[in-house]
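Colleague: Pulled from TrEMBL, these are the listed features:
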type     : residues : note
TRANSMEM : 21-39    : transmembrane segment
TRANSMEM : 59-83    : transmembrane segment
TRANSMEM : 111-137  : transmembrane segment
TRANSMEM : 149-169  : transmembrane segment
TRANSMEM : 181-200  : transmembrane segment
TRANSMEM : 260-277  : transmembrane segment
TRANSMEM : 337-367  : transmembrane segment
TRANSMEM : 418-438  : transmembrane segment
Amino acid sequence: MSAALAARSTLGTALTRYSRSWGLWLMLLIAPIGARLFVPRGDGTTIVISIADQLPVMTSPVIGVCLGIVVSTLLLPAAYIYLRANTNRRQPWQIAEVTPASRVAVSFGRFAADVAVLFGALAALNAAGIFLATLILPWRAFDPLALSFALWVIAGPAVIGLAAIRTLFDAVPLLRGALGDLAYLVLWIASLAAPSGTAISKSGFAANMLDFGGFVRPLIYGSGLTEPNFAIGGAEVKPGRIAIDAMAGLLSPGYLPSRLAWIGIALAVVVVAGLIYRPHRARNRPSLAGRAGKLLEARRAPAADPRTPAAPRSTLPALTLFAAEFRLIGAGRLFKLLAVMIGLAGVFTDAMPLLLLLLVFALTAHAGRSESAGLAALTRALPTGPWQRRCAFVLAGSAWAALIALPHAMVQLDPAILGTAAALGGLAAAAAAGLAAVSGSSFAPRLVLLIAWYGYTAS
């Protein structure tokens with residue numbers, strides 16, 4: 001099979017699979033919502049994007065830059081969730097991975113399908129931005145070409161890079177699970193933090209290469225300030241607006257070459273992914289993950305005895321259900337060891353971030369197991385229904401959080417610490433259960449809660 005034919009066949013198969021996914025429509029809805037929230041209008045209904053503590057004057061290029069910020073802060077994590085959830089579902093690996101076609105060609109086919117889907121989301125965002133611009137700009141200032149140019153120059157390389165990262169993670173068995181999700185979270189946070197140091201540096205190829213999201217230079221270059229500071233979020237702003245020549249930033253020295261360079265890097269990553277691709281196959285020998293997994297597993301259950309009589313009905317079914325959920329969340333030797341270590345660390349310092357990080361992985365793992373299609377159907381036949389089990393799961397998550405935070409609360413003589421820990425643990429458990437029920441796996445809740453954990457620790 002020729003490389004071109006393999007890439008085209010893989011592209012068609014992947015696009016067909018994407019077209020049948022309801023998650024695609026949810027991702028496309030992010031576009032108008034993001035455009036509504038991230039284009040600053042000064043009426044308190046949008047997320048603040050400010051330069052030198054002032055809102056920018058709205059022009060078509062500035063709106064395009066604001067939409068580019070939507071991509072970096074909102075669309076990229078959501079798109080990663082969608083792409084990874086799609087590839088983690090059951091697929092005909094037995095057919096696709098025995099083909100004699102080049103792995104590089106197959107990787108490029110999947111990469112092209114991902115890019116096509118993400119470009120569709122960008123097109124929806126572009127249309128939403130143009131519609132919004134007609135509402136907030138004078139007719140003479142309305143320039144859809146400038147708006148579209150700003151958006152696609154900023155966001156195009158970013159989504160192409162995301163598709164390349166997804167292709168690379170799918171090629172390496174170690175990055176196909178939770179470790180890959182954590183690695184992407186680190187990369188996403190780094191992509192937002194790295195360009196902040198280039199705000200005061202002279203525009204050039206090397207400086208602009210640090211800005212993977214691509215929105216910092218267009219936002220600050222045309223401000224006319226020697227040391228401009230910018231803020232995205234809920235910052236306080238001063239009265240008045242500052243004029244921004246966003247088009248000058250887009251055409252600043254080294255900016256456009258840096259965006260092209262990121263596209264080149266993405267293509268190189270896809271080639272590497274094809275060269276190092278390892279098939280999805282059962283392991284015939286112990287691996288590092290298998291040996292490390294023994295630390296995570298609970299003690300092996302004894303063999304079933306068919307002569308054992310049925311267990312008597314519990315007199316306190318609600319308490320029994322809570323105890324079962326509590327035990328299953330804390331299953332595994334490593335969880336118990338880390339819980340004890342974090343509890344002891346609370347004697348000396350506030351270990352709440354570590355506590356929540358541990359619970360993110362434990363809660364999402366158990367929620368993913370409980371909400372899988374086969375087990376969810378089984379739990380519907382139990383005397384306690386699925387919603388009772390989910391409520392017990394939330395209470396058990398709160399109990400684990402309060403238990404681990406107990407040493408810190410005792411040292412500080414502050415019972416409010418227990419209440420805070422229990423509330424945060426309950427919220428995390430509720431989010432994990434809800435997202436796992438919708439997605440049917442632990443992937444989406446894990447990444448969403450990791451992003452929420454980062455927001456909590458950074459606040």
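Every residue, even glycine, has its Cβ placed from backbone N, Cα and C.
TrEMBL does not curate its annotations; it predicts them automatically.
Map these features onto the structure and tell me what's around them.
Modeller: Under 8 Å from some Cβ of the transmembrane segment (59-83) lie the Cβ atoms of residues 21, 23-24, 26-27, 30-31, 34-35, 37-40, 49, 114, 117-118, 121-122, 125-126, 129, 132-133, 137, 141-144, 146-151, 154-155, 158-159, 162-163, 165-166, 184, 188, 191-192, 212-215, 218-219, 232, 244, 246-247, 249-250, 443-444, 447-448, 451, all in the same chain and six or more residues away from its ends.
Long-range contacts of the transmembrane segment (111-137) within its own chain (CB-CB distance under 8 A, at least 6 residues past either end) are made by residues 7, 10-11, 14-15, 18, 24, 27-28, 30-32, 34-36, 39, 41, 58-60, 63-64, 67, 70-71, 75, 79, 82-83, 144, 147-148, 151-152, 155-156, 159-160, 162-164, 166-167, 270.
Residues of the same chain lying 6 or more positions beyond the ends of the transmembrane segment (181-200) and with a Cβ under 8 Å from any Cβ of it are 72-73, 76-77, 80, 84, 165, 169, 175, 207-208, 210-213, 216-217, 220, 226-230, 443, 446-447, 450-451, 454.
Non-local neighbours of the transmembrane segment (260-277) in the same chain are 102-108, 111, 156-158, 160-161, 163-165, 167-168, 170-172, 205, 209, 212, 214; each lies 6+ residues outside the stretch with a CB under 8 Å from one of its CB atoms.
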